[in-house]
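Quick look at what TrEMBL lists:
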- 7-158: domain 'PurE' (DOMAIN)
- Ser15, Asp18, Arg45: substrate binding site (BINDING)
Amino acid sequence: MEKNMDIAVSVVMGSDSDYSVMEETVKILKTFHVSHEIFLTSAHRSPDRTSDFSRKAAERNVKVIIVGAGAAAHLAGVIASQTTLPVIGVPVDSTALNGLDALFSTVQMPGGIPVATMAIGKAGARNAALLAIRILSLTDAELHQRLTVYIDNMAHEVEKKHDDLILKSRL
Ligand SMILES: Nc1c(C(=O)O)ncn1[C@@H]1O[C@H](COP(=O)(O)O)[C@@H](O)[C@H]1O
């Protein structure tokens with residue numbers, strides 16, 4: 001846990017084995033120059049560390065917590081139960097159930113404790129970063145500008161792909 005730096009987004013993982021998926025979150029946060037940290041903890045294997053992190057995150061000025069976990073993925077919900085910060089969950093496909101287990105255990109939160117749940121795997125990990133960026137850009141004009149450019153580029157990309165496809169179909 002970083003102590004003296006201003007960290008906007010905490011990227012939490014239940015295991016180092018989740019990093020191959022959660023790296024996608026980190027890449028996007030880096031592209032947008034969003035200050036972030038990586039934090040490894042498990043509600044199951046290190047409950048005290050998880051509680052300590054969750055209870056202190058807001059006072060450390062963290063704004064959004066992204067949590068990637070697979071299997072019986074209780075980590076995002078347990079963190080959300082101990083902070084008022086927005087928590088975004090990424091179900092990681094790390095078992096024989098291909099992430100469905102993690103999806104259900106992340107998304108099916110009891111009423112009162114929300115976890116904004118993304119899609120399974122790398123696409124979800126990327127969207128988690130983009131959702132955090134949308135939240136932060138409510139109060140950060142520069143970040144909002146970068147987000148607008150990103151969205152415009154995506155729209156142009158679709159138009160370009162359309163034109164390429166039409167050309168290809170005429171060959
Ligand atoms: N879902 C959780 C929690 C938790 O929710 O507390 N702790 C670890 N895990 C998940 O277990 C999977 C296997 O972990 P290992 O690879 O370490 O055995 C990982 O996807 C992790 O997120």
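Cβ from N, Cα, C; glycine included.
Each residue in the domain 'PurE' (7-158) has a pLDDT score, and their mean in this model is 98. According to DSSP, Arg45 (substrate binding site) sits in a coil region rather than a helix or strand. Other residues of the chain with a Cβ within 8 Å of the Cβ centroid of Ser15, Asp18, Arg45, the substrate site, are Met13, Gly14, Asp16, Ser17, Leu40, Ser42, Ala69, Gly70. In this structure, of the binding-site residues Ser15, Asp18, Arg45, the smallest number of CB atoms within 10 A of the CB marks Arg45. For the binding site of substrate, formed by Ser15, Asp18, Arg45 according to the record, the largest Cα to Cα distance is 15 Å, rounded to a whole number. Asp18 (substrate binding site) carries a helical DSSP state (H, G or I).
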